[in-house]
Amino acid sequence: MTDVNLYNIQEIIYNNQKQLAPVYIHITKLLSIFFIFFVPIFDNFEKMTILIEQRDLGVEVEGKKMETNELVLDGGFPMPKLDAHGGGFDAPEINAFGQSFRDYNAESERQKTVEEFYRLNHINQSFDFVKKMREKYGKLDKTEMSIWECCELLNEVVDESDPDLDEPQIEHLLQTAEAIRKDYPHQDWLHLTALIHDLGKVLLLPRFGELPQWAVVGDTFPLGCAFDQSIVHHKYFKDNSDTYNSSYNTKNGVYEQGCGLENVVMSWGHDDYMYLVAKENGTTLPSAALFIVRYHSFYPLHKSGAYTHLMNEEDKENLKWLQIFNKYDLYSKSKVRVDVDKVKPYYISLIDKYFPAKLKW
């Protein structure tokens, strides 16, 4: 085999590197074997050295990715691109009850409880009700405490709307945060967002007014416009007074297309409450974090694509992060326990970075 022939082989491979990358690697291995075992036979090859240039083919070489794997969104926060499986997180196929996730029709010990929850939710969540709740709780006059103190309060809370989990909520917060931390180690704001995203569920406790479950948890949806068919247990909206209000029962309702979700009244619950707490207490978390906190239960949007006509450009950018977050929020619900004492120092450091020591609630 001459130098010219070797050059020709390399040139063909380089010109077709995307199609022939596997062939290239295979031929390289064959050449290595050839010279290890057969060079000693040919004295004229005794001092021959072949240098093969390693082109960037975008494939894994010795376990390392050869191409960059980041996007940068508005605000300067890098967002790793999802691979074919949506990231490194290995989502389980069944929930804590042995059922498919978010299956609201599956026969289980919680199915009837969950459906009754949504019946009450859909009857009572009206435009006027939400306005009153935002005015009442927007005063933030219930108590003062730190983020971690609030996390510990969630040991007393179980979400009756969730068909996938019946563990205390602090377990879910840490499961979500640790799963994201593993796959996105450099986005510390996202780790903290996972930790705080459900803290608004303290509204279920006596010191916060002990609101009924239907006014705190469950999937959220806009008020002031038509209820989309994608909303779980949509049938119960027939008993909601807004259904028969001509100002609220059209596609846009009281809004203009592209007005931005910031200007849309959402059903009242822990999402909107925690958003108000974080914003009014001056958090330095990015807008994507506040978007996640406020809309992580807005499944008609990020699962079914409903209400996109109300979004503006900032919403569309932030939605990319919410869709990443949602997988961890949903599928990290399991019986796997988290060592709270071990991870607590890390999350305390993040709280100190992005929040004041004490917050008004």
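Cβ from N, Cα, C; glycine included.
According to TrEMBL, the transmembrane segment annotation covers 23-42.
The substrate binding site feature in TrEMBL is assigned to Arg102, Asp159, Glu160, Ser161, Lys201, Gly218, Asp219, His296, Ser297. The Cβ neighbour count for His296 (Fe cation binding site), using a 10 Å radius over every protein chain in view, is 23.
Around the Cβ of His172 (Fe cation binding site), 25 further Cβ atoms fall within 10 Å across all displayed protein chains. Per TrEMBL, Fe cation binding site is recorded for His172, His197, Asp198, His270, His296, Asp329.
Per Cα geometry, Asp219 is the residue among the binding-site residues Glu160, Lys201, Asp219 nearest to His296 (Fe cation binding site). Around Ser297 (substrate binding site), a 10 Å sphere centred on its CB holds 24 further CB atoms from the protein chains shown.
When Cα-Cα distances from His270 (Fe cation binding site) are compared across the binding-site residues Glu160, Lys201, Asp219, Ser297, the shortest belongs to Lys201. In this structure, the C-alpha atom of His172 (Fe cation binding site) lies 17 angstrom from that of Asp219 (substrate binding site). The Cβ of Asp219 (substrate binding site) has 21 neighbouring Cβ atoms from other residues within 10 Å, across all protein chains displayed.
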